[in-house]
Amino acid sequence: MKNQITNAISDFFFEYETPRQVLVRNRRVGVVCRIIQLGVLAYIIGWVFIYEKGYQSTDIAVGSVFTKMKGVGYSSMNGTERIWDVADYVFPSQGDASFVVMTNYIITEGQKMGKCPELHGKHNCSSSADCEGGSFKRQMTGECVNETKTCQVLAWCPVEDDLVIPDPPMLMSAENYTLFIKNSVTFPLFGVSRSNLVEGIDAGYISKCLYHPESAPLCPIFRLGDIVKQSGFNFETIATVGGAIGIVVDWTCNFDVAVTHCKPKYTFHGLYGNPAETDKARASVGYNFRYAKHYMEDKIQKRTLLKVFGIRFDIIVQSLARKFDIIPTLTAIGSGVGIFGVATVVCDLVLLYLLPKRAFYKNMKFKYTDTHTQDPDSEAGSTETEVSKK
């Protein structure tokens with residue numbers, strides 16, 4: 001027993017086993033094998049290493065975005081002229097990565113809480129029986145106003161009339177507003193931080209530059225009219241009823257070269273609807289919301305209500321950085337070597353099951369043995385007799 005254990009340990013440490021290989025001289029099988037191997041090699045080199053860059057590790061950035069609008073708007077309604085600055089037409093306050101620029105509006109001034117008739121065409125009535133309280137969206141008083149033939153409501157009076165949207169938009173001057181974007185990103189895995197104010201962009205350059213995809217692709221100042229145009233919309237159309245536009249800041253960087261080559265790329269996309277569609281083809285048109293400015297007049301609380309139509313801008317930062325790493329490189333190589341085994345499997349199937357001489361190749365590939373076991377207590381232990389099938 002002791003000798004058997006000693007021999008087993010000795011065999012484990014001092015013997016080496018290798019599989020037997022059979023060289024098959026068959027042109028068809030050889031061509032199939034090489035074609036499969038070349039296909040696997042092309043996949044490893046072309047797809048894994050060149051296209052997918054499997055030799056590099058990747059990281060996604062964390063970052064922040066600051067924005068600042070500039071420009072003055074002008075409107076004239078019923079002989080009343082008004083100037084609009086950034087505090088009036090940007091919602092919410094400046095600095096967010098998502099904001100709305102007002103381009104059109106419906107204003108209702110001097111509203112106060114009370115009872116007044118509903119707009120003509122809404123909640124029409126012939127008697128008070130047609131104005132049961134709570135049956136409509138507004139709070140009804142249950143009375144029918146004979147002068148207007150509409151139900152009386154408890155609301156901010158006079159009631160807002162938003163049936164007609166100003167066209168052309170009240171603030172067409174918004175086309176010339178400018179947007180300044182400041183974006184900084186950090187790739188934690190590689191310890192690299194970058195800003196869209198890259199090398200060569202200083203205060204002097206910013207004071208006179210305006211973004212252009214070809215002549216000034218790195219300028220961080222954008223004209224609203226240019227943004228809308230490059231997103232595929234017509235400015236007057238989107239300014240009338242509102243819409244949404246995405247500004248994508250793309251950081252795709254390769255840190256195997258100098259870090260200074262890591263620069264942002266700006267693209268613009270219409271997020272709301274399809275600009276090629278007509279308004280009638282869409283179920284809901286435009287983007288709008290309401291806000292009110294409250295004040296006191298003769299100890300009575302009043303408000304000015306604005307229904308704002310505007311363009312919503314969403315600044316979206318995309319990032320992907322790559323750098324050579326030995327671990328993914330070895331992993332990709334190891335996976336490729338493993339895939340080479342597909343050629344062996346396919347060729348074995350052809351040899352053993354498809355070729356006319358498959359029985360001959362099967363006998364050459366496999367070695368069959370018959371094992372006869374003696375009494376375990378005998379000195380000889382066990383013996384094996386190998387019988388090769390010819």
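Placed from the backbone N, Cα and C atoms, the Cβ positions cover glycine too.
Annotation source TrEMBL lists transmembrane segment at 29-50 (among others).
Taken from TrEMBL, the feature N-linked glycosylation site applies to ASN176. In sequence order, GLY71, ARG223, LEU224, GLY225 make up the list of same-chain residues 6 or more apart from ASN176 (N-linked glycosylation site) whose Cβ falls under 8 Å from its Cβ.
Sequence-distant contacts of the transmembrane segment (332-355) (same chain, at least 6 residues past either end, Cβ-Cβ under 8 Å): 24, 26, 28-29, 32-33, 36-37, 40-41, 43-44, 48-49, 54-55, 361-362, 365. The feature transmembrane segment is assigned by TrEMBL to 332-355 (among others).
Annotated region 'Disordered' per TrEMBL: 371-390, in sequence order.
The compositional bias 'Polar residues' annotation in TrEMBL covers 380-390.
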